[in-house]
Amino acid sequence: MNALLELKGIERSYPAGEQQIKVLDDVTLSIYAGEMVAIIGASGSGKSTLMNILGCLDQPSNGEYRVAGQNVAELNNDELAALRREHFGFIFQRYHLLTHLTAEQNVEIPAIYAGAAKAARRQRAIELLGRLGLEDRIYYQPGQLSGGQQQRVSIARALMNGGQVILADEPTGALDSHSGEEVMAILKQLCEQGHTVIIVTHDPKIAAQAQRIIEIKDGHIMSDSGTQVSRKITQTPSLTSKISSIRQIFGRFNEALFMAWRAMVVNKMRTLLTMLGIIIGIASVVTILVIGDAARASVLSDIKEIATNTIDIYPGEDFGIDDPVSKQALKIADADAIKVQPYILAVSPEIEGQMRLRKGNIDVSSKVTGVGDEYFQVYALRFAQGIGFSLDMIRRQGQVVVIDKNTQRKLFPHQKNVIGEVILVGNMPATIVGVIANRESAFGNSKLLHIWLPYSTMTSRLMNRSYLDSITVRVKDDYNSKDAEKMIVQLLTLRHGKKDIFTDNVDMLVKAAEKTAHTLQLFLTMVAVISLIVGGIGVMNIMLVSVTERTREIGIRMAVGARTSDVRQQFLIEAILVCLVGGVLGIGLSYTIAFIAQLALPGWHFVFQPIALLSAFACSTAIGVIFGFLPARNAARLDPIEALARE
């Protein structure tokens, strides 16, 4: 009969400074299926190290170890995990149950890593616990169970995937005599059912209950009572209800997500404090994007209210150059020539001056602008009362005037409707035909008085001149204002025979404002991103602490068959989940901030663009991956023996 477990010349040494301490020396041993073996020895004899090598938790420094003919040294980490998962079941002296899980959930862990279907593993866990007399303790957590009951849960976990080989390390060491007897009776029964049971103990009474006793001292096998397998070996039951590889991967991810969520819920305060940096960072980024967009839209709306797609044409070379000849370059005919161009929506000649206004005993100074009939369309001005100028008023040099709200309040402090009233502009009587409404603007409203007359009235009746101070044109929306500006300059240069005018494109102001707003928003976003990175570093720090605190849990998971990728995935998912939940709460906080800001700034419109929300989630995920990778990698690299030894 071939040996199930075969060791040849096994040695195990550990470094101690510059020396090597040999714990096992030339151990040669064969264990057959169906045996109940007791390995007995005093503390420091090497019995626990031998058990760890038998259970593939540790590897020998020298020698050869075969499991069912397979040389263990030829297996990689994942293959070793599969061997532990599918062939071995561990029973520890201190039970090594996960305190935040129920008895059933603890028993299910090996089957989760084996990729078993959820319903099948749950049914088997309940069945095993029932067989061990714990049917009424299925949903109890370890802290609610006695020592004997916890050890029975540990036995059920060892049997979950079949447990062909049961490795029991001092299984009765932490139990009272009655509970110890019950555990030994269960182990004997398992041996009778076909399981290979290996007990590591220092107690001769426990060892005497085994069929075979191997004594170890100072790393050497001192005695071996020999193999006594006479019964027929039966097939050990195992959990065979597996799922397809794709569904298995999805199932493992789903379980890792569920376990990560449970770990977060168990440590609520720590999780919340970990999230705090992410919440503030995400809220900052989203709020800056939303409020920045609202502020930019408000400013641009105000600029466009002043004039959009407009070009101002001035005589001379530039502002501040006072040349009497160039000052007279613009004529009414130039405005007429521009008006017929296909890219022009509206044109208005302009003449400006400062004059006295009188009504009764009220005498004030006001800015006066002579304009064309399309001026109010060019500047998108709204009328509170009346209308603008008609072509007929322009042609007959009408003594009509449009005033602003400031002028109305000054000249008619107690009168609401002023249409048809006559005021003196200089010495010329003029009838009011319209009142311009105030603009609601982030820039505020002007306190100056401003009135408008037909430009023909200004040139002939008040100023006695034929040239213009400027011409304002509005370009059609489907034309590029920059191209239109070039064509206007070319047209007037051709008409005048030289370039004696210059232009001011209001769209350049709009673009400059957009650029400034974008730059400011980018700067504030970078500040918010820095806070987000700080939050990410906080997540990494807490996760590193979590790995240290949960080292024993990691060792337990590895002992029952978790791959390094399973451990890495679980801690990475925890980090990502913390960041995603923090991201959701951060977005919620930004909605609250925007709601408060909306109450304070009713003229602004706060819109949460999908791209901003998607960016927030993308940032949360990226931070979870980036700052969760190091803790996850550290967790996956832990040695299961060292991890299990941690308290």
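Cβ from N, Cα, C; glycine included.
Quick look at what Swiss-Prot lists:
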- 5-243: domain 'ABC transporter' (DOMAIN)
- G41, A42, S43, G44, S45, G46, K47, S48: ATP binding site (BINDING)
- 272-292: transmembrane segment (TRANSMEM)
- 522-542: transmembrane segment (TRANSMEM)
- 576-596: transmembrane segment (TRANSMEM)
- 610-630: transmembrane segment (TRANSMEM)
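Structure coloured by features recorded in Swiss-Prot.
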residue	record	Cβ neighbours (10 Å)
G41	ATP binding site	23
A42	ATP binding site	12
S43	ATP binding site	7
G44	ATP binding site	12
S45	ATP binding site	21
G46	ATP binding site	23
K47	ATP binding site	26
S48	ATP binding site	20
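The highest tally of CB pairs under 8 A with the transmembrane segment (522-542), across 272-292, 576-596, 610-630, is held by 272-292.
Following the DSSP three-state reduction, the secondary structure of S45 (ATP binding site) is coil.
For the transmembrane segment (272-292), same-chain residues at least 6 beyond its ends with a Cβ under 8 Å from one of its own Cβ atoms are 517, 520-521, 524-525, 527-529, 531-539, 542-543, 578-579, 581-583, 585-587, 589-590, 593-594, 597, 606-609, 612-613, 615-616, 619-620, 623. Compute the center of the Cβ atoms of G41, A42, S43, G44, S45, G46, K47, S48, which mark the site for ATP; besides them, the chain residues with Cβ within 8 Å of that center are H202, I216, K217.
In this model, the domain 'ABC transporter' (5-243) carries an average pLDDT of 87.
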